[in-house]
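Notes for the one structure printed next.
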Amino acid sequence: MIALGAGVYGATIGLWRSPWQALYAGIKFPAVVLLTCAGNAVLNGILAQLHATGLSFRQTTLAILMSFSVASLVLLAMSPLAVFLLWNTPPLGSEGTTTGHSLTLLAHVGVIAFAGWCGTWRLYRLLKYVAPTGNRALSTLLAWLAGNLLLGSQVSWILRPFIGNPKLPVEFLRDDPFYGGFYEQVWKSLMQLFS
C-alpha cells in the first residue's frame, strides 16, 4: 500500500521537471516513508512504553505502518489533483520557472501535510481506543509525531531532489546531501513566492 500510494504520488512530484525525475521521485518517495518507519520503530516503541499506552514494540510498529498506509492512500487519491496542478503551473524554461518551482514545492508540501494529518487522525483514534486515558494517547501521538516529522523531513532532504532545482541537472541524488535542510528550503520557497 505504501509503495503504491507514495510511489504514484512521488512520480507526480517529479513530473514537473522531467520523466526521469518522475521515475526517481517515484522510487525515492516510498523509500522516505519506509525509512522513517524503520528509523523510528525503536524510538516509537520506547515512547509507547514510557507513556504506558499498553502497546508492544510490534504493535507500535504496526500502528505507525497503518498510519503511513492511510497517508499513502490519501496521496494516491490526490495524485490526479497534483497532475492538474502540474498542467497549470508555469513550465520549466518559461519566464515563470522560479515561481512555478516554488508553487509546485509548496503545493506538494501542503498535500503531503494533509495526507499526514489523515494518517495521524487514524492513528490518534487507534491510540485513544487502546491507551488507558485520552491524555496518554495524545502525549504518545505528539511524541511520535515529533520524531517522525524530524526524521522524515531530514531523510527527504538527504534523498532529494524530488522536484529538482530548475537550474541543476536531473539527478537521482545530489552530490551534497547534508548541505542545508528541509525547513530552510521551505522558508526560502515561501520568501521567493511572496517577494
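We count from 1, first residue shown onward.
Here the Cβ of each residue, glycine as well, is placed from N, Cα and C on the backbone.
Annotation comment: TrEMBL describes 29-50 (among others) as transmembrane segment.
Annotation comment: TrEMBL describes 62-85 (among others) as transmembrane segment.
The annotation transmembrane segment is assigned in TrEMBL to 105-124 (among others). Beyond the transmembrane segment (105-124), the same-chain residues lying 6 or more positions past its ends with a Cβ under 8 Å from any Cβ of the stretch are 9, 13, 63-64, 66-72, 74-75, 78, 81-82, 85, 137-138, 141, 144-145, 162-163, 185-186, 189-190, 193.
Cβ atoms under 8 Å from those of the transmembrane segment (136-159) belong to residues 28, 31-33, 35-36, 39-40, 43-44, 47-48, 51-53, 64, 120, 123-124, 127-128, 130, 173, 177-178, 180-183, 185 of the same chain, restricted to positions at least 6 beyond its ends. Residues annotated as transmembrane segment in TrEMBL: 136-159 (among others).
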